Every structure is written in structure tokens, then in C-alpha cells.
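Asks: A single structure is presented below for examination.
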């Protein structure tokens with residue numbers, strides 16, 4: 001992540017690739033998916049100038065395609081290479097992103113920038129995996145809190161600092177990008193000196209077992225087995241996961257809702273430039289969304305519901321609210337309403353993320369849990385790529401950004417109808433079954449926070465496969 005997030009940068013004065021400002025021309029972020037966008041008008045082919053349609057239909061889709069292309073190789077190499085090389089790759093890709101933001105001005109340069117940013121997004125799995133590889137299972141929950149807090153604190157601090165520099169200090173955007181490039185270079189230097197773990201989840205298991213008994217206590221059978229055989233067994237267990245109703249429901253939510261969520265996040269900055277190109281408060285919006293998301297995620301840990309009964313209704317309610325916020329985003333002409341809608345949209349998503357994580361992770365071993373989340377992320381990426389090709393790419397429909405948001409509104413509306421239909425079915429089924437037997441409440445009344453404590457205690461580390 002950059003130090004100064006999502007702040008559009010005017011085209012460099014005197015650059016041969018940037019024409020003189022034309023009266024009424026809008027400056028649009030050429031890298032809306034990146035924290036530290038570059039704005040301006042870029043010459044593509046001939047004398048044609050790039051406007052929001054080129055950004056939405058030619059540049060931003062590259063982010064989705066690159067993420068799709070490198071996700072699986074990075075996921076496998078992260079474990080095989082034991083994290084550190086992928087962390088170095090992520091840091092080097094971040095440096096490449098900001099080099100292109102600072103010195104690139106052509107459409108091709110911005111497309112390469114989106115490619116490298118896709119690599120950094122795919123490599124994020126190495127960060128979280130690396131943190132947990134260094135500590136004992138008893139400390140997983142605490143380390144999860146530390147790592148998540150550090151990320152949120154970094155996003156919030158960079159958002160506030162960047163916004164203050166722009167609005168109060170009148171610091172040029174080019175200066176902010178160069179400062180961010182310096183931080184990215186420092187991050188790359190730190191990555192080179194990180195300790196390389198001796199064990200990983202799927203490969204390198206025999207080496208870890210010889211190194212110490214800790215992994216054997218976690219799962220003695222898999223510690224002695226080869227990585228390939230362990231991975232094969234877990235792939236076979238995915239069929240069992242798909243037959244568990246709650247695991248299936250929350251995995252489907254993870255796939256379908258994150259597709260719409262990230263498409264909205266990728267393109268909302270282009271929408272803002274159409275609603276009001278003169279106001280640049282992206283950093284403040286990011287800070288507010290981060291705070292609300294952190295509060296929502298924290299509050300989700302204390303929600304007490306019978307999830308076997310109410311999951312579909314909760315998901316449907318949140319999804320229909322998100323659909324309404326998308327409708328507000330593309331229909332309003334007030335930039336502040338558009339900002340507020342995005343903040344609430346992200347907060348609602350972050351409210352369900354820890355609940356989904358708990359519902360999926362509490363019934364799986366840590367190795368199988370990593371595989372399930374990896375598969376969910378891959379399927380979401382495939383679907384997101386398909387939607388991008390059809391809706392946004394110039395080789396598909398190539399819709400303008402407002403028309404794209406109409407499609408996303410319809411997408412979330414269809415999801416909400418499906419979830420509410422599922423809620424009705426579950427309610428009828430529950431009423432029918434309640435006449436015959438009483439539904440056990442012990443597990444359903446647990447909050448995600450309570451469940452995660454139990455799931456991550458040393459005594460429960462040896463659980464294998466899918467628990468009924």
C-alpha cells in the first residue's frame with residue numbers, strides 16, 4: 001500500500017504525453033485500483049486524448065486480469081518457497097508500481113502499473129501466512145489481532161496524512177508519489193532481511209517435523225507425510241466441505257459478494273471524477289471507511305445469533321443495503337452522498353467478513369481452512385474476470401462507468417433475492433423440524449469472537465478434516 005492513498009495526480013507539466021488542459025476537461029484517476037492514483041489526460045494512439053471511458057475500459061481491467069493470472073502460481077510458490085521470496089516479490093512490485101506512477105505517462109505505462117499492482121494483491125497471502133508461520137498455534141489469535149491492527153492503522157494514517165497534505169499543505173501530488181516511492185523502497189529493504197521460516201502448510205513438512213515437535217503436536221500424521229500427499233487429501237476433503245450447509249453458504253457469499261465489492265471499489269474513483277472532478281477527498285473517505293470497517297468488524301465478534309437459522313436473512317439484509325448504496329452512488333449528483341455511500345458500503349462488507357471467516361474456519365483444520373479460502377478467492381477472481389471482460393473491457397460491452405454501476409446494482413439485487421429466498425426456505429424447514437426435535441443452541445449462540453478462541457486453543461489444534 002502506498003503512503004498516500006487514492007489521490008489523483010495531475011498530468012506532468014510539459015510532458016509530451018500530456019496535452020494542455022482543455023476548458024471543461026475532467027481530470028480522472030488513471031489508476032483507481034491503486035493507493036496513489038495518477039490523474040491527467042494521457043495520449044493513447046495518435047492525438048486521441050484519454051478520458052474516463054479509456055480509464056474504465058482499457059486501463060483498470062488490466063488489474064483484474066493480472067490478479068487472475070498470478071493468483072494460483074503465487075499461492076503455490078508462497079508455500080513452496082516458504083514465504084520470504086514472495087514477500088520480496090511483493091515489495092519489488094510495489095516499487096515498480098510507484099516508479100510507473102511517478103515517471104510513466106502513457107496508457108501502456110498505466111497498464112503495466114495495474115499489472116504490477118495485481119501482483120502485489122496476489123502476494124498478500126504471503127504476509128498473513130508468514131506471520132503465523134513464526135509463532136505457536138496458541139498465539140494465532142493474538143497475532144491475527146496484531147497484524148490486522150497494523151494494516152488498519154497504516155491505511156488510516158496514510159489516508160489522513162495524504163489528505164492533510166493535499167487540502168491543508170497544498171503539497172503537489174507528484175511530491176506525494178515520490179515520498180511513497182521512498183517508503184516502498186524502504187519496505188523492500190526490510191523484506192530482504194526478514195527471517196525465512198523452516199516450515200509451511202503443504203510442502204516442507206518433513207523438514208519441519210525434523211526441526212521440532214511443535215508441528216507434530218498440531219497434526220502428527222500430516223507432519224510426517226509429504227506435502228503433495230497432504231495436499232491431495234485436503235483436495236479430496238473439499239467435497240465434504242461442499243456438503244456442509246453453513247460452509248457452503250458462507251463460501252458462496254465469499255465468492256459472489258466479493259466479486260461485486262471489488263468491482264465497485266475499483267471503479268468508484270472514476271465515478272467520483274464524473275460526479276465532481278473538482279473535489280479530491282479520497283484520502284479522507286478512505287480513512288473514514290477504514291475506521292467504520294474496523295468498528296464493524298469488532299462489533300461482529302459480539303453478535304449472538306442462531307446462525308443455522310438466520311445466516312441467509314442476515315446476508316440478504318446486508319446485500320440489499322449494499323445494492324441500495326450502489327444505486328445512490330450512480331444516481332446522485334452530490335459528491336458527499338457518493339462518498340458517504342461508499343463508506344457505508346465498505347463498512348457493511350467488513351461487518352460480514354469476520355462472521356464468514358468464523359463460520360468457515362471453526363469447522364476446519366488450519367491447513368484445510370487455508371485451502372478453502374484459497375479456492376474461494378480463486379473462484380471469485382475467475383468470476384470477477386468474466387464480469388470485467390463482459391461489462392468493462394472495450395473488447396466486450398465497454399460500458400461507461402455509470403452504466404457499469406447499474407449492472408453492479410442489478411448484480412447485488414439478484415444476490416439479495418437469492419439470499420432472501422434461501423432464508424424463506426430455511427425458515428420453513430426450521431418450523432417443520434422444530435415440531436419434531438429441538439435445534440441445539442450451543443454452537444449457534446456462540447459469537448465469532450468466542451468461537452475463534454475455542455477454535456484456536458492448543459487443545460483443538462489436532463482436529464482433522466471437516467467437523468460435523
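Note that the numbers count up from 1, one per residue, in the order the chain is shown.
Each Cβ is built from the backbone N, Cα and C atoms, and glycine gets one as well.
The shown structure was predicted, so the numbers you read here are calculated from the model rather than taken from an experiment.
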Asks: Of the ranges 310-330, 436-456, which one does TrEMBL flag as transmembrane segment?
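Replies: Of the candidate stretches, TrEMBL labels 310-330 as transmembrane segment.
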Asks: Have a look at 150-169, 210-229, 230-249 and point to the one annotated transmembrane segment in TrEMBL.
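Replies: Residues 150-169 are the ones TrEMBL records as transmembrane segment.
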Asks: Look up transmembrane segment in TrEMBL and report which of 22-43, 88-109 it refers to.
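Replies: That would be 88-109, per the transmembrane segment entry in TrEMBL.
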Asks: Do any residues, 6 or more residues outside the transmembrane segment (310-330), come within under 8 Å Cβ-to-Cβ of it, and if so which ones?
Replies: 246, 249-250, 253, 257, 260-261, 264, 268, 271, 337-338, 341-342, 344-345, 348-349, 351-352, 355, 359, 402, 405-406, 408-409, 412-413, 415-416, 419-420, 422-423, 425-426
Asks: Restricting to CB pairs under 8 Å, which listed stretch, 175-194, 284-303, 336-356, is in contact most with the transmembrane segment (252-272)?
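Replies: Looking only at 175-194, 284-303, 336-356, the most contacts with the transmembrane segment (252-272) come from 336-356.
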Asks: Let me check one thing: do the transmembrane segment (284-303) and the transmembrane segment (336-356) come into contact, meaning three or more Cβ pairs under 8 Å with sequence separation of at least 6?
Replies: yes
